[in-house]
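K.L.:
Pasting in a structure now, in structure tokens, and then I'll have a few things to ask.
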């Protein structure tokens, strides 16, 4: 499955599993995980199952590290260091999704020995696609992203990486600080922003690494 094929797969899964439930969730379709603000829905679980199955069919040698799989078995997290792995965030911004906000996304990243080499972000309600390849650039709806000298509001904290990283890559925001750094949240956007000419790392300049990162993450539209 090539890069375009993976994006097509994500859009299909969103259309089949996620979007039909947007605005139509019952109380039984939503649960809390670590705390009451850490939500999971039937759409998260089913979408991850479908994406995982399709990735394993296309890439039998790869390890799939999904957010909900790790919630069930924390040991799955070690897979990010595998020779080939994929991180899956089936519904990034679940709280937004539950609240009926369009600001949610499906996110996927491919890693080779812990380094992000390809990434995909699909925003089903906004109908926007963001794709990046290591050394090959970052793209929004097929158009290459390049650094700009302008930027809108300062983004201080984040609630949906699948919305915030594209905003930074597009120059719609200048700066973000992320206190939580799970790989499925940041691997896709970190490559997108880096390939668009931005910066992802520590305040001292240490570059982001999905499998080993601890502490806060500073992201900026320009280095």
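Note: Cβ is positioned from N, Cα and C throughout, glycine not excepted.
Unlike curated entries, TrEMBL annotations are predicted automatically.
Copying in the features that TrEMBL gives for the protein in this structure:
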type	residues	note
BINDING	67, 89, 92, 185	Mg(2+) binding site
K.L.:
Please report the number of other Cβ atoms within 10 Å of the Cβ of residue 89 (Mg(2+) binding site).
P.N.:
31
K.L.:
Pick out which of the binding-site residues 67, 92 has the most other Cβ atoms within 10 Å of its own Cβ.
P.N.:
92
K.L.:
When you average the Cβ positions of 67, 89, 92, 185 for the Mg(2+) site, which other residues in that chain have a Cβ within 8 Å of that mean position?
P.N.:
87, 88, 90, 91, 107, 161, 162, 182, 184
K.L.:
Over all shown protein chains, what is the count of other CB atoms within 10 A of the CB belonging to residue 185 (Mg(2+) binding site)?
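P.N.:
Within a 10 Å radius of the Cβ of residue 185 (Mg(2+) binding site) lie 25 other Cβ atoms.
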